[in-house]
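Participant: Just dropping this structure here.
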Amino acid sequence: MSTISIHRTETLRITHARSRIFRQRYRRTIPLWKLTINSRSSDTSKKEELSVQISIPPQVDQSRPEGLRFDRLQPPEPEFGHEDRFEFGKFVAREAMLDEEYWTAAWLRAESHWEDRSNERYVDNYKRKFAEQEFNAIKRRCKGMQGQKCSCIVAVKKEEKHIKRSVIKSVVGTLDLSIRYFLQGETFPGEKVKSQLFCSINQEGSNRYGYIANLCVAKSARRQGIACNMLRFAVESARLSGVEQVYVHVHKNNSVAQELYQKTGFKIVETGKFESLDDDTYLLQYTS
């Protein structure tokens, strides 16, 4: 007797749809149907089984990250007690304070990451999973480690009389600013240094530098100077922390980003004889 079993599998995706997070279970194999073929030869019988895995769209289980309120209204700016903030046009750049702001920053990064791949299958699920992972990573980075400091900077819409907005509709841009220490032997971030048994960090004040990453702006809010002004605020924040050198990496094929950074005062670092860890990017330093 030959037996053929065909099973279906479910996959795990974590998705976000406005005010809901959806979790989908996977790796549970359910028999779909079975075909049995009898085959006899003399007094012997043989039995074989073949399992075929078929991917199907995931089922939905509703839940949300603990403590997040996606309908939470944006509090008035004075309630944050922020002295370090930068107003420009209809927006304000400052450090994120609320979990809902961290989440929206993570979602903007997910949108940016998958922007050129919108036709891929299950792209919305991938974006939502990316956003959840980035949300947790932002909170972890902002707690600091080894004396290093990281801030999630956001651009939010200014308050308007008689208009109430939720937090997730107020945040229109984001970036990360890290205050780091050069590794022993480094003269710029990402430089290849001679391999050592133990890698040490020189925590002298003069060996600190600022590093900007994860800059993105909501598609609906672009071409309003948000990216440039967030960069200016980040540079000024680094200087207020006693850091003069501020760096950013940009992909060599991303001419739009290169133009943005150079317009804001960044210039490509001529590493020359030095080796960089990443040959696909340029290192830029703020010089103005």
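Heads up, the Cβ atoms here are built off N, Cα and C, so glycines get one too.
The following feature annotations were taken from Swiss-Prot:
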ACT_SITE  Y261  active site, proton donor
BINDING   L215, C216, V217, R223, Q224, G225, I226, A227, C228, N254, S255, V256, Y261  acetyl-CoA binding site
DOMAIN    151-288  domain 'N-acetyltransferase'
SITE      Y261  site 'May have an important role in the acetylation of the polyamine'
TRANSIT   1-111  transit peptide
Participant: Going by DSSP, how much of the domain 'N-acetyltransferase' (151-288) is helix, how much is strand and how much is coil, in residues?
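Facilitator: In the domain 'N-acetyltransferase' (151-288), the DSSP-based counts are 35 helix, 50 strand, 53 coil.
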Participant: Can you tell me how spread out the acetyl-CoA site is, meaning the largest CA to CA distance among L215, C216, V217, R223, Q224, G225, I226, A227, C228, N254, S255, V256, Y261, in Å?
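Facilitator: Greatest Cα separation within the listed binding residues comes to 20 Å.
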Participant: Looking only at Cβ atoms, how many others are within 10 Å of the one on Q224 (acetyl-CoA binding site)?
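Facilitator: Looking across every protein chain shown, the total is 17.
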Participant: Out of the binding-site residues L215, I226, C228, S255, give me the one sitting nearest to the residue listed as 'active site, proton donor' by CA distance.
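Facilitator: Nearest by Cα distance to the residue listed as 'active site, proton donor': C228.
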